[in-house]
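See below for the structure under consideration.
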Amino acid sequence: MRIDFIRQRLRAQGAKPCHEQRILRIWAQVLPTEGGRSRPDDFLPQAVRDAMPALLADLDGLARLRSQHPGEDGSARLLVELADGQTVESVLLPRDGLCVSTQVGCAVGCVFCMTGREGLLRQVGSAEIVAQVVLARRQRLVKKVVFMGMGEPAHNLDNVMEAIDFLGTTGAIGHKNLVFSTVGDPRVFERLPLGPVKPALALSLHTTRADLRAQLLPRAPRMDPADLVERAEAYARATSYPIQYQWTLLEGINDGPDEVEGIVRLLHGKYAVLNMIPYNTVPDLPYTRPSWEAAAALARTLHRRGILTKLRQSAGQDVEGGCGQLRARELAPSARRIEIRPVASLP
């Protein structure tokens, strides 16, 4: 379901634009309706009031909590059931953040990701994306939404941008706290600067080598990492938001000295931060995370070379909070490790 469908349904009952906006604000922000200025009886026409119970029931059915798995780090992994019975994952993050899904499945096929193993099943509508935020807000405060769950937002651009515009206005989330995460797609760099709400941009880089990136992200657009960084830098300068480059650390694959040199070459002097996240190990996949000590040494080396680097723990590591693990692990066939020449670890 798209947000515009909700508006059309309200208009069909005689709601004016001011009524639509107040109803949608109450829903998106999870505002109380008993007492105060938000009581529907005080501002809605009778026909709209009569239609509200059915509408609210349908909105509640857009995203229902099937299971919740708290993590020791303050995160919580949510398995969310959509109205048609399909499931996606959301992750409540420490410090008032939420990671939402934009597709059921994913077509990019990252070799280290569970979600991509089942392919793309369907798009998640803009109202379903917002419904994940509403579901989370009923449990805790949400001030930041990252579009970094199941799916590639660039492959569902209309719904994702509609949800971003809605959350950045009616949903009362600061524009810099809406983070569009992508593997990189020319359409993203064309579309994001045009919207009324311009989100922060996170770019899944993972390697500076075009050949290796093609192996790790086999169905991502064939854009050279240098071209990706150039386009992202233009967006960063236009919006005054630094680009968040995402780097999943895979032991023996993208954690060697050659990548250090590549990162310095691409990112030195750029308006950016490099987020290095040790791989959230999946039992069914043949990849491992480097030790925390090795990852920290890598981050320190990059700091010394002038790259703003943050080493992060993957949220929900103890509850398998990585993208698609809960939903996809029993559906996917066994994986085969790609043949990549190992590189020496940093001294």
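Cβ atoms are placed via backbone N, Cα and C, with glycine included.
Per Swiss-Prot, the features are as follows:
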{"type": "ACT_SITE", "residues": "GLU89", "note": "active site, proton acceptor"}
{"type": "DOMAIN", "residues": "92-318", "note": "domain 'Radical SAM core'"}
{"type": "DISULFID", "residues": "CYS99-CYS323", "note": "disulfide bond"}
{"type": "BINDING", "residues": "CYS106, CYS110, CYS113", "note": "[4Fe-4S] cluster binding site"}
{"type": "BINDING", "residues": "GLY151, GLU152, SER181, SER204, LEU205, HIS206, ASN280", "note": "S-adenosyl-L-methionine binding site"}
{"type": "ACT_SITE", "residues": "CYS323", "note": "active site, S-methylcysteine intermediate"}
Next item on the list: Name the one residue among GLU89, CYS106, CYS113 whose Cα is closest in three-dimensional space to that of GLY151 (S-adenosyl-L-methionine binding site); these are the recorded positions.
Entry: CYS106
Check: CB neighbours of GLU89 (active site, proton acceptor) within 10 A?
Finding: 26
Checklist line | C-beta crowding around LEU205 (S-adenosyl-L-methionine binding site), within 10 angstroms | finding: 28
Margin query: Restricting to the binding-site residues CYS106, CYS113, GLU152, SER204, HIS206, which ones have a CA within 10 Å of the CA of CYS99 (disulfide bond)?
Written below: none
Notebook entry, point to check: Where SER181 (S-adenosyl-L-methionine binding site) and CYS110 ([4Fe-4S] cluster binding site) are concerned, what is their Cα separation in Å, rounded?
Noted result: 14
Next item on the list: Measure from the Cβ of GLY151 (S-adenosyl-L-methionine binding site) and count the other Cβ atoms within 10 Å, all protein chains considered.
Entry: 31
Next item on the list: Have a look at the recorded positions GLU89, CYS106, CYS110, CYS113 and say which one has the shortest Cα distance to ASN280 (S-adenosyl-L-methionine binding site).
Entry: CYS113
Checklist line | Candidates GLU89, GLU152, SER204, namely the recorded positions, that fall within 10 Å of CYS106 ([4Fe-4S] cluster binding site) by Cα distance | finding: GLU152
Next item on the list: Compute the average pLDDT of the predicted model within the domain 'Radical SAM core' (92-318).
Entry: 94
Note to self: Going by Cα-Cα distance, which of the recorded positions (GLU89, CYS110, CYS113) sits nearest to LEU205 (S-adenosyl-L-methionine binding site)?
What the structure shows: CYS110
Checklist line | Other CB atoms within 10 A, centred on CYS113 ([4Fe-4S] cluster binding site) | finding: 24
Check: CB neighbours of GLU152 (S-adenosyl-L-methionine binding site) within 10 A?
Finding: 29
Next item on the list: Could you measure the widest C-alpha to C-alpha distance across GLY151, GLU152, SER181, SER204, LEU205, HIS206, ASN280, the residues recorded as binding S-adenosyl-L-methionine, and give it to a whole number of angstrom?
Entry: 18
Checklist line | Conformational class of GLU89 (active site, proton acceptor) under the three-state DSSP mapping | finding: strand
